Amino acid sequence: MAHTLQTVVLLLGTSILHPILADVNVMKDVTLGFGQALEKCREESQLTEEKMEEFFHFWSEDFKFEHRELGCAILCMSRHFNLLTDSSRMHHENTDKFIKSFPNNEVLSKHMVNLIHSCEQQHDADLDHCWRILRVAECFKRSCQEAGVAPSMELLMAEFIMESEIN
């Protein structure tokens, strides 16, 4: 009886955690994929080496959204992947396709697009695109953390190390 109860608890726990872990892994893949454009955008956004290093800690609790250059880098990276309209707002269809280009993409795509759109609406009045996109990124990060889909720094660093060893 005790063994059966343990099995039921284990199965329930696994069925509850599996979608969350899948979402976190998709978010990790999207983050790493999006980050590939950072080096290309470093100069255009006037990002110093120090600020570029900070950027790698985007998902950490103590990451600060206080430097305009970071918003400019996100703007450039978004343009690199054709994720923005001419007015520097999210291109919903292209963003959806970008997210869906990663493994297990169907899990999170619509949710991510909705989160970003909601954050954009909150900060739409800001005329400076770099500052606005930085505020949208801050809102998006907070929303992902609240939804439990933000990847941990440990997960990202492990993946980054594995990828660098392969290349």
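Glycine residues also receive a Cβ, built from the backbone N, Cα and C atoms like all the rest.
The number of other Cβ atoms within 10 Å of the Cβ belonging to CYS76 (disulfide bond), over all protein chains shown, comes to 20. Summarising the annotation, Swiss-Prot assigns disulfide bond to CYS41-CYS76 (among others).
In this structure, CYS130 (disulfide bond) is part of a helix by DSSP. Cβ neighbours of CYS130 (disulfide bond) (same chain, under 8 Å, six or more residues apart in sequence): SER45, ARG68, GLU69, GLY71, CYS72, LEU75. Taken from Swiss-Prot, the feature disulfide bond applies to CYS72-CYS130 (among others), supported by similarity to another entry.
Annotation comment: Swiss-Prot describes CYS119-CYS139 (among others) as disulfide bond. Less than 8 angstroms from the CB of CYS119 (disulfide bond) sit ARG135, VAL136, CYS139, PHE140, SER143, each of them six or more residues away in the same chain. A helical conformation is recorded for CYS119 (disulfide bond) in the three-state DSSP classification.
Annotated signal peptide per Swiss-Prot: 1-22, in sequence order, evidence recorded as sequence analysis.
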